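One structure is given here, and the rest of the page talks about it.
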Amino acid sequence: MIQRLVELWQGAPLAFWLVLVACAYFAVMAVRLTVIDVRHHLLPNRIVFPSYAIAGVLLLAAAGFADGTTRPGGSSSFMSMLNLGIPRVLAGAAVLWLFYFILRAVYPPGMGFGDVKLAGVLGMYLGFLGWGHVFAGTFLAFLLGGLWSIVILAARRGTLKSSIPFGPFMLAGTAAAMLLPA
């Protein structure tokens, strides 16, 4: 994300500011959802659902303004939204939501539906950066969640039947992937 921000600053300042606001929103949302999920094993709709609209508007607009200006000979018009960035943001949301939905359908006790709903929002952020980031964010979420589960088991603070709030690991995996080079 940092590399992408530098590119946007140089080529599409409006897109830069839109992405910066989207990242600030992500940080606030991530902290709120992490605290709530750790305490209550819940990802509230009152935070997750508006996040689709807020992140969606900011990232889709940023992708639209950035697409024309970051390619040689591109135009900076809003019509450039039809280029690669817009479909990638939407597809990132859809693919990640579907992946988590399938996990939930296959083994319902293993994944809460709040995690499924959150996945779409995170998919927009990761999709904005690219498919490698979608994969990395998902991989890191499961890696971090798995490592935490091992710590819980080793410390005898839980059993194989214990549940952990997975939202914080999804958010941490996304945040870590957003720091990777584009």
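Using the three backbone atoms N, Cα and C, a Cβ is placed for every residue, glycine included.
Note that the coordinates shown come from a computational prediction; the quantities given were computed from them, not determined experimentally.
The transmembrane segment feature in TrEMBL is assigned to 14-35, 47-66, 86-103, 110-128, 134-155, 162-180. Feature annotation from TrEMBL assigns domain 'Prepilin type IV endopeptidase peptidase' to 26-150.
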Please report, as numbers and ranges, the same-chain residues at least 6 past the borders of the transmembrane segment (47-66) whose CB is under 8 Å from any CB of it.
8, 11-12, 14-15, 18-19, 21-22, 25-26, 29, 32-33, 36, 76, 78, 80-81, 83, 85-86, 88-90, 93, 114, 117-118, 120-121, 124-125, 128
Counting by DSSP, what is the helix, strand and coil composition of the domain 'Prepilin type IV endopeptidase peptidase' (26-150)?
107 helix, 0 strand, 18 coil
